[in-house]
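Per TrEMBL, the features are:
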type	residues	note
DOMAIN	110-190	domain 'Beta-ketoacyl-[acyl-carrier-protein] synthase III N-terminal'
ACT_SITE	CYS116	active site
DOMAIN	239-328	domain 'Beta-ketoacyl-[acyl-carrier-protein] synthase III C-terminal'
ACT_SITE	HIS255	active site
REGION	256-260	region 'ACP-binding'
ACT_SITE	ASN285	active site
Amino acid sequence: MSPPVAVIDGVGGYLPPGVITNADLGAELDTSDEWIRRRTGIGARRWVADERIATSDLAVLAARRAIAARGDAQAPLGAVIVATMSPDRRSPATAPVVADKLGLQPVAAFDVGAACGGFVYALAVASSFVQSSLAEAVVVVGAECMSRVIDRTDRATAVLFGDGAGAVVVRRARSGDVGRIHCFDLGSDGANVDLITQKGGGSLIPEPVETSEKWLQVQGRATYRHAVARMSASATAVLERAGWQVAEIDVVVPHQANARIIDAVATNLGLPAAALVKTLHRMGNTSAASIPLALAHCAATGALAPTQRVLLTALGGGLAWGSAAVTWEHSGQVIDPLLGCADESTGTSAGKSPGELENR
């Protein structure tokens, strides 16, 4: 008997209301909107203003939207997996808190710590849970309060990162479903652990003293080189496993780290521009939340539809990277996480391609 097939059924995202534009950061960081856009492609990001709100709160809001958006709500939710690099606490994990707030305890609940690549890893684990019958359905969340782990006076990181959460429900496929999570490619390179790191707070440096130990640090140039190379190779590998040609891909959702990284990967693979999703110009780099947030935005705006072939690819601190090949199943009603953004353009975006949405 063949193992069960996993599908994505339900997607949702949440962004906090506090929009931080490049102009807001310009004077304090001695930079400009033009400089930030040219180097990163980012125009704005969201930061949580209320100190009482934590990563778990954002995760719950996104998860509730994903659960409500399921096309098939019959499968019981048997696990919650949270991908994050900004957990509520160093220990214990954030996922049990999320499961409790969702009213799902005592289901299995745990975190995945693969930084910006965490959502792809969490999706792989959820797919394995379904395929091995450990759960009929799994809530997968990428959630971050990145504004809490960066030095807001450091131009190298303050302009990049935003807060938010995205979630999907992965469940066992049923007769008549058109979607499928096909395969993954995952990898790591611990020799380059210092390229993206928050050194303090662990057993190596339990009480950080230096600023460089307390806050997230990113070596931009080296990270760019590794991200382009690793994401390109990983995406190529997963396409080969899926038996897909580049021209057959309908939607490409890369981790929203930097527009130059995304463009370089697209060029390396020969990806069609119309298929490429970019949301970082309005969300910033939301780390593990960036891919599910982009999926929610695309599903809500008509840029993602059942039967479409979707490529996901990401790299984060570790280094840890991963890619996934997915045929889209979900067809429920999705709330656009960008609704209410200060620069929201007028008019409808229904039916637009991912490439067209980039220009909104």
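Just so you know, glycine gets a Cβ as well, placed from its N, Cα and C.
The active-site residues considered are CYS116, HIS255, ASN285; of these, ASN285 has the fewest other C-beta atoms within 10 angstroms of its C-beta.
Under the DSSP three-state reduction, HIS255 (active site) is assigned to coil, being neither helix nor strand. The two recorded residues, CYS116 (active site) and HIS255 (active site), have Cα atoms 7 Å apart.
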